[in-house]
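Each remark here refers to the structure printed beneath this line.
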Ligand SMILES: Nc1nc2c(ncn2[C@@H]2O[C@H](COP(=O)(O)OP(=O)(O)OP(=O)(O)O)[C@@H](O)[C@H]2O)c(=O)[nH]1
Ligand SMILES: [Mg+2]
């Protein structure tokens with residue numbers, strides 16, 4: 001065969017073979033590509049399910065909580081902060097991704113739970129008018145007994161003794177009661193009268209004198225030149241009303257447009273800090289508290305003072321655990337709380353909270369607390385009950401510190417400045 005023919009045949013075979021291979025490969029690729037295509041959309045679909053789940057859960061999760069006091073980062077609340085806070089939480093709410101077609105099964109995000117609105121504490125004038133009426137209306141065994149004696153036409157020797165006994169029973173104190181009656185009798189001899197109406201008026205004047213109308217009963221925090229933050233420490237035996245009064249006091253300041261911070265230095269009972277936090281939360285006041293039970297109360301006080309200073313609060317109120325005045329170690333602890341607080345801020349006020357129903361026993365408490373930590377004022381609580389309140393006279397007389405506030409009920413705004421005229425009129429009513 002001719003060589004040229006052979007070469008031609010070989011070339012034709014090679015060309016056919018190449019064309020056949022190319023056709024085969026191309027046709028194979030076309031089939032394989034169609035089979036693997038769904039991988040991307042599938043993974044895309046599963047991604048959108050996950051996304052919609054996330055969106056739903058973030059939509060349903062509660063709005064960010066107010067920073068816990070332990071972190072101490074919460075700013076001291078100013079009234080009106082509530083509205084700002086709500087707005088902030090609304091704007092920072094995660095936005096739902098706009099991809100409706102990719103998330104057929106995604107539930108609509110639940111709206112974030114609305115934050116409870118902050119309470120606006122009662123204003124001072126309204127509170128005082130309400131509490132005056134309440135005090136006047138409360139039954140007063142002391143006043144009734146005096147009224148019965150002084151309603152007589154003429155006062156006999158026994159009547160004078162009864163007046164003294166009634167004063168004693170009202171916790172005015174033995175010394176003050178005896179002195180009061182002696183003076184009244186002397187006056188009545190000098191004026192030659194034992195007319196009960198006159199004696200009654202004389203008693204009113206003397207009682208007012210004893211209770212003291214000229215004392216400055218303002219809280220140190222509101223006096224000119226007060227420190228800022230002004231620190232108040234609440235002290236007293238168990239159950240007198242320290243925490244309740246701290247909460248009520250915070251409301252008084254909030255009503256006065258002051259920024260307030262609370263310090264939960266009662267680490268003795270686990271629930272004590274929660275109790276304080278409940279008070280604070282209602283009016284948007286942050287609480288500095290220990291992050292574990294049984295922590296050193298002095299370290300909480302230190303921390304609270306540091307935070308109040310850092311956040312430039314107007315007032316810091318530190319609640320302490322109730323303690324019996326005869327437990328020396330517990331009384332020493334109070335001294336430590338004060339010293340440690342003073343490493344950060346001067347302490348302007350130590351309020352001794354006395355339960356008016358404990359009567360003269362309150363005097364023993366007052367003396368020991370005054371020695372242990374020094375007190376600048378007394379809060380007389382539970383005067384709304386059957387309390388006699390005469391302890392006002394003895395506590396001021398013995399300690400030289402004024403009764404500054406009175407607790408007149410368990411309501412959140414049942415705390416009033418002590419008003420001597422109203423108090424004495426209440427006794428004699
Ligand atoms: N009626 C009346 N109850 C009051 C008053 N102040 C406080 N209380 C009640 O007294 C009880 C004790 O109050 P708390 O504030 O827990 O007393 P506390 O001194 O902090 O108690 P401890 O921390 O356990 O020492 C609570 O039931 C208060 O509601 C008041 O002025 N009038
Ligand atoms: Mg308490």
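Cβ atoms are placed via backbone N, Cα and C, with glycine included.
Listed in sequence order, the residues of the same chain lying 6 or more apart from residue 239 (GTP binding site) and placing their CB within less than 8 Å of its CB are 322, 355. The feature GTP binding site is assigned by TrEMBL to 236-243, 319-323, 381-384.
Per TrEMBL, compositional bias 'Low complexity' is recorded for 36-84 (among others).
Per TrEMBL, compositional bias 'Low complexity' is recorded for 94-105 (among others).
Mapped onto DSSP helix, strand and coil, the domain 'SRP54-type proteins GTP-binding' (402-415) counts 0 helix, 6 strand, 8 coil. Under the heading domain 'SRP54-type proteins GTP-binding', TrEMBL lists 402-415.
The region 'Disordered' annotation in TrEMBL covers 33-122.
Feature annotation from TrEMBL assigns transmembrane segment to 6-26.
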Cβ contacts under 8 Å made by the domain 'SRP54-type proteins GTP-binding' (402-415) with residues that lie 6+ beyond its boundaries: 119, 121-122, 127, 131, 134-135, 212, 215-219, 241, 244-245, 247-249, 251-252, 279, 282, 351, 356, 377-384, 392, 395-396, 423
Cβ neighbour count within 10 Å of residue 383 (GTP binding site): 28
Densest Cβ neighbourhood among 242, 323 (binding-site residues), 10 Å radius: 242
DSSP state at residue 236 (GTP binding site), helix/strand/coil: coil
Cβ-Cβ neighbours of residue 236 (GTP binding site) (radius 10 Å): 27
Neighbouring C-beta atoms (10 Å sphere around the C-beta of residue 320 (GTP binding site)): 31
Cβ under 6 Å from ligand 2: qualifying binding-site residues of 239, 242, 320, 383: 242
